[in-house]
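One structure below.
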Amino acid sequence: MEDVSISELVKSYDTPCYVYSQQAILDVYHDYNESFAAIDHRICYAVKANSNIAVLGVLAAAGAGFDIVSRGELARVLAAGGQASRVVFSGVGKTRDDIEFALTQGISCFNVESISELTLINMVAKQLDKRAPISLRVNPDVDAKTHPYISTGLKDNKFGIAHDKALAVYEHAATLSHIDIVGIDCHIGSQLTEVAPFIAALDKVIELIHSLREKGIELRHVDLGGGLGVRYIEEKPVTIDEFAQALLPKLTELGLTVFFEPGRSMVANAGILLTRVDVLKPTEHKNFAIVDAAMNDLIRPALYQAEMAVIPEVLPSEGIETDGTQAWDIVGAICETGDFLAKDRLLSLATGDILAITGAGAYGFAMSSNYNSRPRAAEVMVVGTQHQLIGKRETIADLYAGETLWQTEK
Ligand SMILES: *Cc1c(COP(=O)(O)O)cnc(C)c1O
């Protein structure tokens, strides 16, 4: 990782351990900025992909905005030195507490997903004697051609306001006393490898912007969400530059500030998960390598059938060797058949070997849990030859620190 050897990281932090390259994160951020330099734009990093405050801090210092989905994420952004005025608030179920905190802090925009939410925001803003800047998240009904669990822009998804209802909802929003209409928003899914669905969505959004202009509703920004895919193993996603070249002609003509909300593409390939082979269990039908990370640490393979690369790290190993290269399923120790990190990987393994699962910087640690009472992993950031712990490994005592025994009255 950058100029630090994996063996040094393992020696310093043990496994399982997430490691992130600061340079890799910044490279992507700069790539976005350079690719869209021709237009007024803001890159709002989608915090949910990796919400460690060190990661947020790097992006805040570089000038990024943020896309949040809860007041917890807003608190993280603020703790990391980010500015509320560069934050957009997405999500289908914002609560009164979420809205109050965001309004008090002065965020840039609420991406509103329903009339009910609009009513609530107006009410809370009135109580606080503030005006709430909003955009409507439009569901353009385009097929992002991605895994069904990460597709969000189809009409039977829970997200957004149907394209053909959006105009009426905007007209309703314009009548509300404490609402300022500032933009329009869409986000059609994640891990999109082609540009066509983005273009299809943008065309529908542009159509709406024109209809809104005819009704006298002028917007300041258009938010195209996140969703750009990355290469995990064999995917060939469009590059950020190709993505920009495809969108720029239409965006330039529009003349609005453009927001993007990239999550995965900013951090996925900046991170790896290091894990140790604990047990080798060849059977008649399958070979299982049981490692010290599991679905509680990295749920993407179990949840989305995601395939992530597994790279053996060459370290002096004293473990029990097996004969040569074989196909291994890399699994965790959790009591679930779905607990696998990779299947049928050709590897030559010994117990004690260290494996690096790549592409783990996004939706890795952020989705981890304590299932099977497993402490969550350590997180480390690398900068050149330097490395630092940015997330302490949980202890066994941490697991039940908030729990209490039932108190029987005496
Ligand atoms: C998840 C999400 C993103 C980020 O998606 P990526 O695929 O990680 O880029 C952006 N905007 C919204 C509204 C989201 O829900």
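Backbone N, Cα and C atoms are what each Cβ position is placed from, and that goes for glycine too.
As recorded in TrEMBL, the features of this protein are as follows:
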DOMAIN    17-361  domain 'Orn/DAP/Arg decarboxylase 2 C-terminal'
DOMAIN    27-268  domain 'Orn/DAP/Arg decarboxylase 2 N-terminal'
MOD_RES   K48  N6-(pyridoxal phosphate)lysine
BINDING   G227, E261, P262, G263, R264, Y363  pyridoxal 5'-phosphate binding site
BINDING   R264, R300, Y304, E336, Y363  substrate binding site
ACT_SITE  C335  active site, proton donor
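Among the binding-site residues G227, E261, G263, R264, Y304, the residues whose Cβ sits under 6 Å from any atom of ligand 1 are G227, E261, G263, R264. Ranked by CA distance from G227 (pyridoxal 5'-phosphate binding site), the recorded positions K48, R300, Y304, E336 have K48 at the top as the closest. Spatially, by CA atoms, the recorded positions K48, E261, P262, C335 include one closest to Y304 (substrate binding site), and that is K48. For P262 (pyridoxal 5'-phosphate binding site) paired with the residue listed as 'N6-(pyridoxal phosphate)lysine', the C-alpha to C-alpha distance reads 10 Å. Take the Cα of G263 (pyridoxal 5'-phosphate binding site) and measure to each of the recorded positions K48, R300, C335: the nearest one is K48.
R264 (pyridoxal 5'-phosphate binding site) carries a helical DSSP state (H, G or I).
Surrounding the centroid of the Cβ atoms of G227, E261, P262, G263, R264, Y363, where the record places pyridoxal 5'-phosphate, the chain contributes additional residues within 8 Å, namely A46, A49, S190, G226, L228, S265, M266, A362. With respect to E336 (substrate binding site), the closest of these recorded positions in Cα terms is Y363, chosen from K48, E261, R264, Y363. For the binding-site residues G227, P262, G263, the ranking by surrounding Cβ atoms (within 10 Å, all protein chains) places G227 first. Mean model confidence for the domain 'Orn/DAP/Arg decarboxylase 2 C-terminal' (17-361) is a pLDDT of 95. DSSP assigns Y363 (pyridoxal 5'-phosphate binding site) to coil in the three-state reduction, outside any helix or strand. Residue environment of K48 (N6-(pyridoxal phosphate)lysine) contains 21 other Cβ atoms, counted within 10 Å of its Cβ in all protein chains. Within 10 Å of its Cβ, the residue among the binding-site residues R264, R300 with the fewest other Cβ atoms is R300.
Listed recorded positions near R264 (pyridoxal 5'-phosphate binding site): K48 (candidates K48, R300, C335; Cα-Cα distance within 10 Å). Within the group of binding-site residues (Y304, Y363), the Cβ with the highest number of other Cβ atoms inside 10 Å belongs to Y363.
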